[in-house]
Amino acid sequence: MSLNERNLESPVSIEKEPMHLENIEKLPALEEVGRLASWRGALILLVTCGSQFLDNVFMTSSNMALASIQEEFDVSNTNLQWMISAYTLAFGGFLLLAGYLSDRYGKKEILCVGLFWLSTWTLAIGFGQSFIQITVFRGIQGIGAAMTVPSAIGIISSYFSGVDRTRGLSIYAASGTVGFCTGLIFGGFLTSSLGWRYIFYLIVIITGSLCILGLIVLPKDRADEKLRPKMDYLGACLSTAGLILLQFVLSSGGVYGWGTPFIIGLLVLSVSLLVGFILLEKFIPNPLMPLSLWKIHNFAGLWLAGFIDELSAGSTALRFLPMGVIGFVASLGTGKALEYMNAKYLLIAGLVLSVLAPLPSALTVTSSNDLYVPDRPNDKEIKANHLLAGSTHSDHL
């Protein structure tokens, strides 16, 4: 069996095979492995989990600033959504390419570049003088956020091993829910006090600090230079364009109308690009996403899983707190449960909760802006929705 074939199999099948001496020289150099309970391990976790924390802070804190931005730049409700969509479109569209770049150029390098990129364009948003400017900057900012995710997960997975790796990934997942919650509070109350621009002025201090710390403490990849994958340029273009267009259609269909020729045309184009990407990956020697990955046990399910009423910014933030709190607890609990349970059962439980979580909001009857009044159905349903939704975040990592 060749080395390439071995890499595509599940860890269980690889462990059962004996290591032949003639294959040792073909293996890449072993990467450095460390412990979570050490100064360097803690600092590595601080940088990687900090990047995940900030990705979610960027996403939710900006939501709290929308009303102030709309008032300052006199933006219509239809155009205002681009402040959020620009970030999420770029973030989701470039994730696959970012993972490939991490393998090719190094996880440390891509993570630090992503943090530097975030710092640069976060500061640019704070100084933006028009709505078009800050929207474009938000889209460019999302590219940096996409660069941090696969590289951070790769660093945790390669530097730590065994129980430390599981705990590290659990803390990484919990950092996302904490960031989600923190972004709501931070963005809501900062917008109400100092103004929306200070959201970006203050966050850039954290991103810049993490970038500098990452350059110092993050481990370098030690794989053989010759084993780095060649760039699949056509696959990168097809997948990125297809994902961005598909996300645009899903987020904008309700605004422009699902029957609009514009939306229908983009939907057909996005699906065509993604189908072309899949066909391309089947035949080229250096695919961006090897289709053989889908044959690995649990991989397909894991990927599929990946897939308010006149309130002030502060009041809106408080209504989302239950999701962040429960998500944090569930993330840590999932890491412990993985030591005793099969991952697919946790994944199935997360998917079931993901289906149930939106139902209370869909059935919500608006009655009052009071936050916690027990006899009003909208508050009960909103809280139940956020409790369920928060518990699903950790099951998908």
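From the backbone N, Cα and C atoms, a Cβ is placed for every residue, glycine too.
A TrEMBL annotation is a machine prediction, not a hand-curated record.
For 44-397, the entry in TrEMBL reads domain 'Major facilitator superfamily (MFS) profile'. Feature annotation from TrEMBL assigns transmembrane segment to 82-101, 113-134, 140-160, 172-192, 198-219, 231-250, 262-280, 345-363.
Here the transmembrane segment (140-160) has Cβ contacts under 8 Å with residues 31-36, 41, 44-45, 47-49, 51-52, 54-55, 58, 86-95, 97-99, 101-103, 107-108, 110-111, 113-118, 120-122, 125, 168-169, 172, 218-219, 221 of the same chain, all six or more residues outside its ends.
Tertiary proximity for the transmembrane segment (231-250) is limited to same-chain residues at least six positions away from its ends with a CB under 8 Å from its CB atoms, namely 85, 88-90, 92-97, 100, 104, 263, 266-267, 269-274, 276-277, 280-281, 284, 286-289. Summarised as a single figure, the pLDDT of the domain 'Major facilitator superfamily (MFS) profile' (44-397) averages 75.
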